[in-house]
Amino acid sequence: NIADKFLGFVGEISDQQLKRLRNLSWIDYVESEGHFLSNDQITLQLDPPNWGLPRISHRKRSLHLPYIYNSKAGSGVDVYVLDSGVNVAHLDFQGRARLGANFVDEVADDLKGHGTHVAGIIAGSTYGVAKKANIISVKVIPSNGHAKTSSIIQGLEWAVKTIQRRKTNSVINMSFNGRRSQAINDAIAAAATVNIPVVVSAGNKRSDSCKFSPASADWALTVGATDKHDRKAKFSNFGKCVNIFAPGRKIRSTSIGSIKATALKSGTSMAAPHVTGVAALFLSQRPFHTPKQLYETILRVATSNMIANLTAESPNLLAYNMLEHTEANKLE
């Protein structure tokens, strides 16, 4: 039950029971259990700087600029990371990360490294966009990387109810994709009815993002990936269901294995948390009454017409982290 708008149940049923369910007037649809994959590509233990941070804080591309951001830095904003878990003890989180809920049949800790990497891009003190935001881990992806539809919806339901109870500025990040799912898209729409923004990755299939979920969800902000040369990353999905692009190739962030571990990853999974971090920055600076207001602001301030190799219907918008014209703009 998400915001009393999305009601559903999960179970194992026979073909005969399936036919009966579909004939019931109060059943809108029945959907088989799907599997969703986290959108990371490679992990390398190298040590370059995270080029994504300066890229989203300057209009012009350069690999040698500082990362500039509003001093509120996402303070007071809770970010719910629906993923493989988070290494909450990592020093880069400075005690701002916690384990929220676990909907996978294994320990709540991150055994894959994906969720920790995503969380670090959002709010790590070194690698993060919103360096003072809080991270709440909602584990929906097991260590094998295959998340179930039911786990994702349970995780989203828990996040929505927790946000409603806590009444804090919040945003949800979902860095994974699978086949198009009406159930997942409807669950995100239900979250929007209670004014909870959701940022999702476009997917890594070099295909039309409208074929996948949650990328095709109308009420999510869908993020494609670019490389350090301002080109659409070769792996990134594209099309009219993508709303914006952000750095997603060879991004260094936090990892698992120790309280100081880092890793280099590529994928739209790395692009989405850049935009989630921007959302947290903006939420800490001014009130937004609806997800639509927040999304429109992120798109309005984005850097336009800088991305090469875009396909038809893909927006030429690159994430930008400055809400207002400030002294930082003079450094451009």
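From the backbone N, Cα and C atoms, a Cβ is placed for every residue, glycine too.
Keep in mind it's a predicted model, so treat the numbers as computed, not measured.
Record features, source TrEMBL:
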| type | residues | note |
| --- | --- | --- |
| ACT_SITE | ASP83 | active site, charge relay system |
| ACT_SITE | HIS114 | active site, charge relay system |
| ACT_SITE | SER269 | active site, charge relay system |
| DOMAIN | 74-305 | domain 'Peptidase S8/S53' |
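Taking the C-alpha positions, the distance from HIS114 (active site, charge relay system) to ASP83 (active site, charge relay system) comes to 7 Å.
SER269 (active site, charge relay system) sits 10 Å from ASP83 (active site, charge relay system), taking the Cα positions as reference. With a 10 A radius on its CB, HIS114 (active site, charge relay system) counts 31 other CB atoms from all the protein chains. Other Cβ atoms within 10 Å of the Cβ of ASP83 (active site, charge relay system) number 28 in total over all chains.
Other C-beta atoms found within 10 angstroms of the C-beta of SER269 (active site, charge relay system) number 33, with every protein chain shown included.
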